[in-house]
Amino acid sequence: MKVLIEPKPHTMVNTFLLFFIVHSMQIGVGIQGYQRIIYLEAKHDAWISVILGGIATAIVGFVMVKTMAAYESSDLFGIQYDVMGRWIGNFLNFLFVLYFLGAFHIIVRNYIEVIQAWIFPEVPNWLLALTLVYLVYYGLNGGLRTIVGVSFFSVVLSLWLILMLAYPFQFANWNYLFPILESSLTEIAMGAKQMTFTAIGFEIILVIFPFLKEKEKVHKHMQLGLLFTTVLYLALMVVSLAYFSGGQLERTIWGTLSLFKIVRFPFIERFEYVAITFWILLVLPNLMLYLWAATRGVSRMLNKKEKKVGWILLAIIYLTLVYPLNRTQINMMNDYFAKGAFYLIFGYPFLLYAAVLIKKKFFRKKGGANAENHH
């Protein structure tokens with residue numbers, strides 16, 4: 001495997017779009033109901049947990065960009081191969097490919113579950129999954145720039161959903177937020193850990209980095225994207241805490257969607273239908289980029305054409321989605337996935353960065369000239 005990647009200019013993406021990529025990757029199905037799982041840990045101090053979670057993403061994002069910057073133009077798969085050697089490196093690459101595919105699977109599962117629970121209880125899994133998979137195939141065929149375009153429009157076209165929070169805002173009872181810091185620090189930290197499932201997505205930088213044009217601006221746009229997400233999650237959390245009483249929030253599986261329930265227009269009765277249908281725009285960039293990342297990994301490991309690999313992966317993942325699961329099973333799957341993601345996304349990047357630093361030092365001693373060309 002070649003460590004350094006030289007993407008053709010027409011496949012590269014303007015760095016300012018990283019803001020939209022990061023933000024659209026973080027917002028997906030997690031945001032629909034993250035309030036409850038954090039509330040169960042941190043009670044009415046859940047908003048502090050959200051801030052802590054946001055700080056964690058900023059730190060990890062910084063480490064990830066630092067790691068990528070150590071190599072001029074490489075991605076996660078090349079770096080792991082370079083640092084850990086052929087066997088361990090490719091094993092880790094395989095692990096990340098599985099992670100990307102797992103994320104894809106879980107997002108589709110959760111979105112389908114919401115559609116079946118709220119709008120179309122009778123529509124079978126295979127049909128809804130097929131619709132989503134077809135749309136993803138469409139984006140994958142267009143290549144990275146098409147996918148980034150979808151990310152951009154997903155963020156821009158969904159901004160109006162934020163304005164809808166003005167409705168529950170009118171009925172907010174701010175006393176629910178007090179007294180502040182009633183939960184212990186441990187509980188608040190546990191709440192922040194529960195943010196994992198909702199906050200992941202920004203690890204896409206590890207694969208997309210070589211395709212960004214101005215490398216020196218990457219960190220700025222990455223942090224802006226993360227900050228925007230954190231602010232949005234914080235606002236949503238505060239509104240949810242002030243709108244639902246504690247007991248209600250514990251029973252509300254999809255907090256964000258339930259907030260949309262009270263939005264009433266003269267010409268539309270059940271606004272949450274609109275919100276859920278619209279959500280496909282928020283979910284698509286997630287699916288496209290995760291599948292794109294998995295495809296990159298497999299095609300780099302096996303030296304195969306990306307298009308072919310993408311089709312095969314899509315077909316395999318579609319087959320795993322056909323089998324229906326119930327709410328409890330999906331919840332268990334979410335939990336296991338979030339546990340794995342916590343270590344992989346919030347723990348492992350520090351190890352990788354350390355390994356990259358050690359490797360760079362080690363090679364400088366042996367003579368810097370051949371270190372750069374070392375494949």
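Using N, Cα and C of the backbone, Cβ positions are placed for all residues, glycine too.
Model, not experiment: these values are computed from the prediction.
For the transmembrane segment (12-34), the residues of the chain that approach it from at least six positions outside its boundaries are 57, 61, 106-107, 110-111, 114, 144-145, 148, 151-152, 154-156, 158, 194-195, 197-202, 204-205, 208, 211-215, 217-218, 221-222, 224-226, 228-229, 232-233, 236-237, 252-257, 279, 282-283, 285-286, 289, judged by C-beta separation under 8 angstroms. Summarising the annotation, TrEMBL assigns transmembrane segment to 12-34 (among others).
Sequence-remote contacts of a segment are chain residues at least 6 beyond its ends whose Cβ falls under 8 Å from one of its Cβ atoms, and for the transmembrane segment (46-66) they are 22, 26, 35, 38-39, 177, 180-181, 188-192, 194-196, 198-199, 202-203, 205-206, 209, 218-219, 222-223, 226-227, 229-230, 233-234, 237-238, 241, 345-346, 349-350, 353. The transmembrane segment annotation in TrEMBL covers 46-66 (among others).
Taken from TrEMBL, the feature transmembrane segment covers 87-108 (among others).
For the transmembrane segment (123-140), the list of distant contacts is 108, 111-112, 115-116, 146-147, 150, 280, 283-284, 287-288, 291-292, 295, 307, 310-311, 314, 317-318, 321-324: same-chain residues at least six beyond its ends, Cβ to Cβ under 8 Å. What TrEMBL lists as transmembrane segment is 123-140 (among others).
Annotation comment: TrEMBL describes 147-168 (among others) as transmembrane segment.
Residues of the same chain lying 6 or more positions beyond the ends of the transmembrane segment (188-212) and with a Cβ under 8 Å from any Cβ of it are 5, 7, 11-15, 18, 21-22, 25-28, 30-31, 34, 37-42, 45-46, 48-50, 52-54, 56-57, 60-61, 64-65, 67-68, 73-77, 103, 144, 218, 222, 225-226, 229, 233, 286, 289-290, 292-293, 296-297, 334, 337-338, 341-342, 345-346, 349. Taken from TrEMBL, the feature transmembrane segment covers 188-212 (among others).
What TrEMBL lists as transmembrane segment is 224-244 (among others).
Residues annotated as transmembrane segment in TrEMBL: 273-293 (among others).
Annotation source TrEMBL lists transmembrane segment at 309-325 (among others). Long-range contacts of the transmembrane segment (309-325) within the same chain: residues 101, 104-105, 108-109, 112, 124-126, 129-130, 133, 136-137, 140, 291-292, 294-295, 298-299, 302, 333, each at least 6 residues beyond the stretch ends and with a Cβ under 8 Å from a Cβ of the stretch.
Sequence annotations record features per position, and here TrEMBL assigns transmembrane segment to 337-358 (among others).
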Inquiry  = So, taking each listed stretch (87-108, 224-244, 273-293, 337-358) in turn and counting its Cβ pairs to the transmembrane segment (147-168) that are under 8 angstroms, which one gives the highest count?
reply    = 273-293
Ask   = Taking a Cβ cut-off under 8 Å, which residues six or more beyond the ends of the transmembrane segment (337-358) line up next to it in the same chain?
value = 56, 60, 63-64, 66-67, 70-71, 79-80, 83-84, 95-96, 99, 102-103, 106, 193-194, 196-197, 200, 203
